[in-house]
Amino acid sequence: MNDIVSVIDYGVGNLFSVQKALEHCGATVRLVSSPEDLKHATKVLLPGVGAFADAMRQLNASGMDEAIKAYVASGAPLFGICLGMQLLLDSSHEFGHSEGLGLIPGTVELITARGLSGQPIKVPHIGWSSLVMPPTRSSWEGTVLETVETRNSAVYFVHSYMAVPSVAEHRVADCQYGDTAVAAVVARDNVCGAQFHPEKSGRVGLSMLRSFVTAR
Amino acid sequence: MSNTRLIARLDVKGPNLIKGIHLEGLRIIGSPNEHALSYYEQGIDELIYMDCVASLYGRNSLGELIRKTAENVFIPMTVGGGVRSVEDVANLLRCGADKVAVNTAAVGNPGLVSEIARRFGSQCMVLSIEAKRVAPDRWEVFTDNGRESTGLDVVEWARKGASLGAGEILLTSVDQEGTRKGFDLELVQTVTETVGIPVIASGGMGSAQHAVDVVGTGADAVAMADILHYKRAALADIRNDVSAAGIRVRMYE
């Protein structure tokens, strides 16, 4: 039997590519939009493109925010992508202050990177950047990146804000953007998130999604 | 820093991948899907699909093509040609596109750029500019695949587009397009010095050296068509040559 991944559909962004990529990795995809749907879920993916506050409003309005927290408390895996990763944190400073899901301690901040010689650098950060191991880590074993090699790890980013976890150990991978180490993959227990788009990152992205789909 | 992106541009007419010179005299190359998949497997960083005759006929037919491509191609896809409304964009994104490129409709209604950026984010709104040189240091904006002049100055329009919320500029030199004689370097340099958003240089790529030259003028990404479609060079060789010239590109093994 195929692994079933429940993808949360809350009206933001295009789910088609995520769905196709998960199916490519052997998953059966179920789009879910009500708290009821999460009760029997065994693997959940939180996608997202757009503004943090709008997305949280959508999740709050449907009661999905509490349902996600209850799901996570059950110990089953949750994977957030892009904005879906940023929502895992405590709060965001995008257009004022908004509360997040609070599953990973930290905040979401505007990228204020400078170039290596101090010049301003383009925001949004768009394009392929390589993943690097943060200083607190010696391997990616046991994470969604366990099949990824650092020398061949460029993945596709498009974002203006970045997650800043307050616990260094929650950073699984960074990418260097100008003078700033941007959190690329964050994780805490059964919750993890990727700032980039694995569904748009070719073979490297697919190998991550496959790790998530096939994890036991 | 992000790597410099190498992008395959696929101009499409009906069911066919086509290629012209100066965006005219279109020749049929083959199946867009087969070419897209092949470029993906060779490690291209992004795809751009352009419906060449969409504006002319007032249609928008790329949805199905994108949907099919999204089944087995997992890299960013930009779609342009005949995008006229927020609804058109929503439809293309639902089909698996990540960004839309807007030219003709944006010239007619600059507010559309802001509407798209507000609704879907700037990263999704690519301003497509077809530029023709009209004086040694002046370029004019053309629409409808290089057929209609607008009187707009390219640099002014690029600046305005960025301020309206465009997240990227696809800058096509109509003069160089399909010639394999290299990019219009002055054009790209002038625009990249003017705007703070990424610029994709398009039109004229005939060798890896041309890509090296245009990145030197500030281009963030290089679009190629002819050189790939006619297999004049292998993508892996282009990537290696560009990398050997000191430009950071995504390594793909």
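Heads up, the Cβ atoms here are built off N, Cα and C, so glycines get one too.
Heads up, TrEMBL stuff is auto-annotated, nobody curated it.
Feature annotation from TrEMBL assigns active site, nucleophile to A:C82. Taken from TrEMBL, the feature active site applies to A:H197, A:E199. The domain 'Glutamine amidotransferase' annotation in TrEMBL covers A:7-212.
In the three-state DSSP classification, A:E199 (active site) falls within a helix. If you count neighbouring Cβ atoms within 10 Å for each of the active-site residues A:C82, A:H197, A:E199, the highest count belongs to A:E199.
Here the C-alpha separation of A:C82 (active site, nucleophile) and A:H197 (active site) works out to 6 Å. Reduced to three states, the DSSP call for the residue listed as 'active site, nucleophile' is coil.
Taken together, the residues of the domain 'Glutamine amidotransferase' (A:7-212) have an average pLDDT of 93.
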